[in-house]
Amino acid sequence: MHWAKILGVGIGAAALLGLGIILGHFAIPKATEPLASSVSDSQDLDLAILDSVMGQLDASRIRENLRELSKEPHVATSARDEALVQLLLGRWKDSASGLDTAKTYEYTVLLSFPSTEQPNSVEVVGPNGTVFHSFQPFEKNLTGEQAEPNVLQPYAAYAPPGTPKGPLVYANRGSEDDFKKLEAEGINLKGTIALTRYGSVGRGAKAINAARHGVVGVLVYTDPGDINDGKSLPNETFPNSWGLPPSGVERGSYYEYFGDPLTPYLPAHPVSFRLDPHNISGFPPIPTQPIGFEDAKNLLCNLNGTSAPDSWQGALGCEYKLGPGFEPNGNFPAGSEVKVSVYNRLELRNSSNVLGIIQGAVEPDRYVIYGNHRDSWVHGAVDPSSGTAVLLEISRVLGTLLKKGTWRPRRSIIFASWGAEEFGLIGSTEFTEEFLSKLQERTVTYINVDISVFSNATLRAQGTPPVQSVIFSATKEISAPGSSGLSIYDNWIRYTNRSSPVYGLVPSMGTLGAGSDYASFIHFLGITSMDLAYTYDRSKTSARIYPTYHTAFDTFDYVEKFLDPGFSSHQAVARTAGSVLLRLSDSLFLPLNVSDYSETLQSFLQAAQENLGALLESHNISLGPLVTAVEKFKAAAAALNQHILTLQKSSPDPLQVRMVNDQLMLLERAFLNPRAFPEERYYSHVLWAPNTASVATFPGLANAYARAQEINSGAEAWAEVERQLSIAVMALEGAAATLQPVTDL
């Protein structure tokens, strides 16, 4: 994920100087021709252009993009990954459909790879070292693609090398509570190997939690009950259905943070300070290896010990037990242990981001950024190439209009292809670190389309509250795939909805965690962000994600046969993302509704009052200032909306428009406090930092309150609750001040 430089424009220097606009540092060349014949300061969204773009977005072209992008494995920094860099550059420099400029930006980052000379292994060994069972080092070759030479062995990226051996225990999801449960059952975890399943806590957290309790090695598998609705037989899974085959193994980064591990808060350039590798935090402390559920079954169905709790049971066709060790009448002799051999190595590699830029005609120094990562663990047809295929089609259509001279956006559009996302959002994070000030000053919104199609039932949108209105407006005008005759909006509301006190029944939008490249934009820079995709009907499957996620079975044929035959859902995402992009880049007034934050804040406040209020009161901590701050924000947001409506009915001065748009753009930054969560790297957003408590309220307040409730917590813990309450109050007051008339101080 990465970005570049921007230069000036050549359309009326006086007007540009009057607005104080230069595009700056992102590689837009100086214009040698007029940008567009019809450009004016009052340029607004052209509905005819919008309709034209919607009509030109072609499902068959998206299909061909995906076929090309996913035909070979392209892990970050591989030869194929670099070939795709050149493909993107070629498309964005094309004489008929290219953009104003395209450029690469390179960072030297620390990645983790399995050894090619000594593959990782998992074995069941007897007391004398006899190997009774060896696990599959690679997934089974079911369609030919799994045996290609560049398919990486399944591994846990950033797990340390080592060859621990010990009796096996089953630790469910590998949470802290899970390990405490095992100890409460009288199981001595020191020197054991823990078998865990994906879900509940992050990959790396499983190993961190395990090591804290004396475990020396960790195995991780995907249970068919979590991904296949219980189906586990070969004839029930890929290539016969969308289900994960028994040998399928989910790869992934086990690094707990995001960005280059050696250069936190600094771009990974050769001259940047780097940590000593021994001082890196966030890596798994013990050897860890993912395995398929076929191999996990051999372990779980032979374990000794007491039965696991009902909530720990899965779908492998046997009763899960806790261990330690194997049952005496099972497949393995008494005293057999599990040996985990990990030979991963750390390497410094050069990873590229690619930026394609369309220079804005009126406000070139205001950026609407559309990003998708390029790298995958194997072929990556779904993750991420479904998103890259859509990105290339949107940029082709807009580039064609640009080259014909019939359109140029009001604001600059930046298309970004991020590198090394799978290792921890590295490309996008390095980019935001390098251009922090510029991006905070100039970026209107960040649109992320990582996986564009999980499946073909309905839209899934995540984002901060101000983007709700522009997504709703776009989806009401686009037909949903299929023959229902519904709009994407009306189809969406059938699958997932909520009751809004303002709007009534509306589609449900999710919030943004740190699962893709929007993370550094929203949490670190405070840039209004969203993520768009099509997904499955959750009433028909309990799968936590599409089943072949991060495996060698995520291929073009998998997409075409099981996820989106005809590619109409890909086209629907292209139209949705393209419409949102145009509305944000071309509308005179930014289509961001700050009042939609009022609902969120009121909900947070109500949760705090109902769940925290009584105990806070007993510690002489009042929520009164928070109530006042929420009301102040709501009033300021409503007043700004009314001011915008008034301006829209008149012929506003360009500077009036600019001032209002800056208020809309900068609102999200007002919620940043870099000192609020010192234990959370990159998390500065007071409303969207990780909430580890059970109460859906202001995360800092919720987390501090939960810690203060713990046994033996003292005055210091309650002082932190007061501090977090003050942080929330001041963030809301600062946000309200941002929305008030600019002359009010």
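Quick reminder: no glycine exception, Cβ is built from N, Cα and C everywhere.
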With D383, H550 listed by Swiss-Prot as binding Zn(2+) 2, identify the candidate in E347, E363, E393, E422 belonging to that site.
E422
Starting from the Ca(2+) site formed by T263, L266, E430, E433, give every other residue of that chain whose CB sits within 8 Å of the mean position of their CB atoms, in sequence order.
Y107, G259, D260, P264, Y265, P267, A268, H269, S272, T429, E434
Starting from the Cβ centroid of D383, E422, H550, the recorded Zn(2+) 2 site, name every other residue in that chain with its Cβ within 8 Å, sequence order please.
R251, G252, S376, W377, G380, P384, Y549, D554
Pop the Cα-Cα gap between H550 (Zn(2+) 2 binding site) and N350 (N-linked glycosylation site) into the table, whole Å please.
22
Between the Cα atoms of E433 (Ca(2+) binding site) and E421 (active site, proton donor/acceptor), find the distance and write it as a whole number of Å.
15
DSSP three-state assignment (helix, strand or coil) for E430 (Ca(2+) binding site):
helix
Quick one: what's DSSP say for N593 (N-linked glycosylation site), helix, strand or coil?
coil
Quick one: of N235, T263, N497, N593, which of the recorded positions has the smallest count of other CB atoms within 10 A?
N235
Using C-alpha atoms only, work out the spacing between N620 (N-linked glycosylation site) and T263 (Ca(2+) binding site) and round it to an integer in Å.
43
Please name the residue among the recorded positions D383, E421, E422, E430, E433 whose C-beta has the most neighbouring C-beta atoms within 10 angstroms.
E430
